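Below is one structure; the comments refer to it alone.
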Amino acid sequence: MLAKTLRSTALKLGAACALMAGLVPGVANAWEPTKAVTFIIPAGTGGGADQMARFIQGVIQKNNLMDKPVVVINKGGGAGAEGFIEMKASKADPHKIIITLSNLFTTPLGTGAPFNWKDMKPVSMLALDQFVLWTNAEKNYPDAKAYVDAVKAAPDRQFKMGGTGSKQEDQIITAAIEKQLDGKHFTYVPYDGGGKVAVQLVGGHVDSSVNNPIEAVAQWRGKQLKPLCIFDSKRSTYTDKVTDDMAWSDIPTCMESGLPVEYQMLRGIFTTSGATDEQVQFYVDLFKKVRETEDWKEFMKKGAFNQTTMSGPEFEKWLTAAEAKHKELMQGAGFLAASQ
Amino acid sequence: MEDFSSLMGGFAVAISGYNILLMVVGILLGVIIGVLPGLGGANGVAILLPLTFGMDPTSAIIMLTSIYWGALFGGAITSILFNIPGEPWSVATTFDGHPMAQKGKADEALVGAFTSSFVGAIFAVVLITFLAPVIAKFALRFGPAEFFAVQFLTFASFLGMGRGSAMKTLASMCLGFALASVGLDGVTGTLRLTFGYDELLNGFKFLVAVIGLFGIGEILSSMEEGLAFRGAAAKLKMDAVIRTWRQLPRMAVTFLRSCIVGSWMGITPGGATPASFMGYGLAKRFSRNGRNFGKGELEGVVAPETAAHAAGTAAMLPMLTLGIPGSPTAAVLLGGLLIWGLQPGPLLFVEQKEFVWGLIASMYMGNVVGLVIVLTCVPLFAAILRVPFSIIAPAIVVVCAIGAYTVNNSMFDVWMMLVFGVMGYLFTKLGYPLPPLVLALVLGDQAESSFRQAMLTSQGDVTVFWHNWLSGGIMTLGVILALWPLVSMLLGKKEGDDKVTTTA
């Protein structure tokens, strides 16, 4: 028994080492990576982008979708500028890919950091991440309207909205909500990660948050947080019960609750600008295979993602529109850097 | 007792030949990762995470936590032998650990460090075992004001206890704050002090600074002293373990104090780094041997190591029950949990009983196995010091350079490391203490964020720090500790003309 487990572990370790050292011979057709692919996360550990990238790494290695290993690194400095600038600087190296969040648009606009999505080559959109308006379950607001009314009735800035980072998606949504408050404002409190925001909300240190579903689902199931509305044009399509009596699809849209705000975040993949069409195609196919796995579908469901995907010209068109929308939203909120 | 029977069930899971083998492999890998500066526990676990996808969740987490324990143990080795802390929480270990090595007592320092790591970790695990639900709720009470109070207490417990003048400590700390403020300001989202250099976007990395200040600085000092490696006198004696253990019982109070401080910091989650500094600071102030701290006192190794490991272990608790990682390594482990289909959070203890108790049982096992392994290797580690300095110094410089490069894969960091090295040398020459600078560099931006978040929520009212007994109590304690040197000076208890007259 022991000998057997010993042997199987040794085999596993050996196989894994071989894999890591890149000794497994590749099947030659079209372009394939000739060395390990670096997968950059322009954010810190533990957040939504980090969870997704590490999950993708797991899926690729578990299903042997690529001969060379994937190395995931976090380069979240300067609100992600560090990661994007590295992509821009290594344009000749097609062995680098990056996962994006909204800071693809918000960081250059808000800080003036010298990069743009056009400095990279778009591979594909994996999904769109949702935002939900959460409150502490103990406060028991019946719906989004009741909460908005409470904010309107209170003195200015008495209600606190917790969010990730500054001048990024969470604060942009907050600014958009404030436009519906008859001149009242939230006090926006920036934290360094979505998980932390959810916990601060449970502890009652802020009054609401706009966490992504995956960041707050555990607290929802634990009956500590209550979702009021989802910032999408349509309700979520996931009908499996998450808590005893509610599914993601039971959360009304903010629009139908009388709060006309809509925002979703891109979860997409880019490679370096010097990559050839063949190289881009390799990554497009790779992520298509990732999306087809059962693990991925399960992950999408757990995080209540909007599963819109696209690549090629369609994706570039979407990006151009999204950039314009961010510029408009940020201009409206006064978040643009001086140089813009 | 229901918890107790669950724990026994957990042991049944953890004690299989396969899982114990994974523990041994994990700890050995972890020690190697801990020894190499720059690699670090978080990176190590991240690199090895894919290895575990084929395993069942319980075995996988046992292997990964073992790597974590191993890295925690390993971090102490380079701190003691070469004055190079591989992890933020090993910085305090260098203060007395390295002087001990220079006096030829490297083996005792290593045994002391390993043993106290073990004691701290076990204390925290026991706490987790029996108090998990209660403690998890306590962590929720921590808002920005409470976080700042804890960070303030850490700085305060350090002020005035530096070797030499209080003003030099303060100056060094302020320089650390200035360095910490470089990069993106998390509260307003604007760049500070980058002067248009993209390389400075991310600020100064702790590891680059520390490898330079301590590692390279130390080499420069040794070179000046005629290439004599002061640890060379180390004799290999096989009774190191017994010799050291005989000294430990009289440090029972220090052990207990550090255990409590560490567990508390891990849970809240203040983290292992403030815990180690606070453990060292408090021991220096309250221990009978406090006066000798910094000159190679075993108790000065015991205090920070115990606290750091109690904190590192206790940090697993908020990760499991709240889904917030207490350390970067815990954050990577958190990613692992998600891949295995486990959702950390309030329901994990209810829905995944077998996994949770298997993990807790493996914490006991992993630490016992780890202690046995590292203690066996002490003579081997200590023997490294017998290699002539002219051979080992270049090797250290190369390892340092690789370490600094690995942090960001950028040459810029290697140059920064050299600059910090020169700075470290100058600091030592001029009698300015380095630890306050490092402490401020590590905790400065966190403290700043917490302070400004608290100010935002209170709309600029400073009394927010006294708005409840929790943060109020900690702040008051902090203020007392910060002013202590001043008060004792005024009362004339401190004599000597080298004390600077404080006007602050």
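Just so it is clear, glycine is given a Cβ too, placed from its N, Cα and C backbone atoms.
Among the ranges B:142-161, B:302-321, the stretch that TrEMBL annotates as transmembrane segment is B:142-161.
Ranges compared are B:168-189, B:234-255, B:322-343, and TrEMBL records transmembrane segment for B:322-343. Ranked by the number of CB pairs under 8 Å to the transmembrane segment (B:109-136), the listed stretches B:206-227, B:355-381, B:469-491 are led by B:355-381.
B:206-227 is the stretch from B:60-82, B:142-161, B:206-227, B:469-491 with the greatest number of Cβ pairs below 8 Å to the transmembrane segment (B:387-407). Ranking B:142-161, B:206-227, B:355-381, B:469-491 by CB pairs under 8 A with the transmembrane segment (B:60-82) puts B:355-381 at the top. Long-range contacts of the transmembrane segment (B:355-381) within the same chain: residues 6-7, 9-11, 13-15, 19-20, 23-24, 26-28, 30-31, 57-58, 61-62, 65-66, 69-70, 73-74, 77, 81, 106-107, 110-111, 114-115, 117-118, 121-122, 125, 128-129, 236, 238, 240-241, 313, 316, 320, 342, 348-349, each at least 6 residues beyond the stretch ends and with a Cβ under 8 Å from a Cβ of the stretch. Mean model confidence for the domain 'DUF112' (B:20-439) is a pLDDT of 82.
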